[in-house]
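Over in TrEMBL, the protein carries these features:
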- Ser36, Glu55, Arg56, Gly63, Val127, His153, Val154, Asp155, Met224: NAD(+) binding site (BINDING)
- Asp155, His170: Fe cation binding site (BINDING)
- Arg234: glycine binding site (BINDING)
Amino acid sequence: MKLDDVLISKAITEEFTQDFLKFMEVDVAIVGAGPSGMVTGYYLAKKKKKVVIFERKLSVGGGMWGGGMMFNKIVVQEEAKPILKEIGVNLKEYKKAYYVADAIETVSTLSSKAVKKGVKIFNLISVEDVMIRKERVAGLVLNWTAVEMANLHVDPLTVRSKFVVDSTGHSAEVANIILKKMGRKLLTKTGELLGEKSMWAEMGEKFIVGNSKEIYPGLYVAGMAANAVFGAPRMGPIFGGMLLSGKRVAELLLERLK
Ligand code: 48H
C-alpha cells in the first residue's frame, strides 16, 4: 500500500473538525478530565446524554497518575468499590474496606470506558471563560492551551451547553471565573469560594459528596473543586471521594435533564 501524506493530513483535519462541530452544542460540558470529571462523563453518557470534556493538558487523568507522592497506587474505600468494579479496574483488599488499585490502570481504564460510552474528550484545550445568559451558565469559552502558554493574543471560540461541570481540581477555575470576572455570588454560605482546608482524609471524604452540587445556576462542581468551593479539607491520595463525587453530579444532572 502506498501512503499519501496529504491524505493523512486531510483525514485528521476533517475528522477533528466534524467532532468539534458535533460537540459545540451539548447537554453537559465538563471542564477537566481528572477522575471526577471522567466519572461524571461516564455516568451521563451511559444514559445517552451528549457530553464533552475539555482538558487543558496533553494527558487525561489529572492528579491520579502519580498516586501518593509518585508511588503510583491509589486507595479507595468500600463505598467507591462498585464504581471501579463497574468500569473494570482490578482492586486488591489491603485491609478490611481499604482497597488499592494501580493508578495507571485506573486512569487508562476509566478514560477508555468513558470514551467508549460516548464521552468526547478534547485535550489541549483550556476553558478560559464562561458564557452567562439570563443569569445562568450557558456555555464555555475555549482556547488552545498552547495559545495560553505562549501568551498569544488570539480570540477564543465558544460551546453551548445546558449544564457545565467544574471538575478542575484544587484550583476550582470555573467557580473562580464566576466570582472574580462576573462578580456573581456562589451558592455557598457566604457567596464566596470558601477555600480548601488542610489534609484530613476522613473529613475530606465525608464532605465531598454533599459538596458536589450546583454552585451557580447551570454550574455544578465535582471532585476536589467541590471541597475547595465549600471550605472542606483535602484528603490526600484516597480517590473514592473523587469517584463518588463524579457519580453524584451525574445523578443530579440526570434529574435536571429529564
Ligand atoms: C481545561 C482544566 C482547566 C481549565 C484545570 O486535579 P484533578 O485530578 O481533579 P479531580 O477533582 O478530579 O481529582 C482531584 C485529585 O486528582 C486530587 O488532586 C486529590 C484527590 N487531591 C487530594 C490532595 O490532598 O491533594 O483534574 C483536574 C483536571 C486536570 O487534568 C487539569 O489539567 C484540568 O482539570 N483543568 N482543563 N480548562 N481551565 N483547569
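From the backbone N, Cα and C atoms, a Cβ is placed for every residue, glycine too.
Note that the structure is a prediction, hence the values are computed from the model and not measured.
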(request) Would you find the one among the binding-site residues Arg56, His170, Arg234 whose Cβ has the most company, meaning other Cβ atoms within 10 Å? (result) Arg56
(message) So, three-state DSSP: helix, strand or coil for Met224 (NAD(+) binding site)?
(response) helix
(request) Can you tell which of Val127, Val154, Met224 has the least company, meaning the fewest other C-beta atoms within 10 angstroms of its C-beta, among these binding-site residues? (result) Val154
(request) Using CB under 6 Å from any atom of ligand 1, narrow the binding-site residues Arg56, Val127, Val154, Asp155 to the ones that qualify. (result) Arg56, Val127
(request) Report the nearest neighbour of Val127 (NAD(+) binding site) in space among the binding-site residues Asp155, His170, Arg234, comparing Cα positions. (result) Asp155
(message) Just to be sure I understand: of Val154, Asp155, His170, which binding-site residues have a C-alpha no more than 10 angstroms from the C-alpha of Arg234 (glycine binding site)?
(response) His170
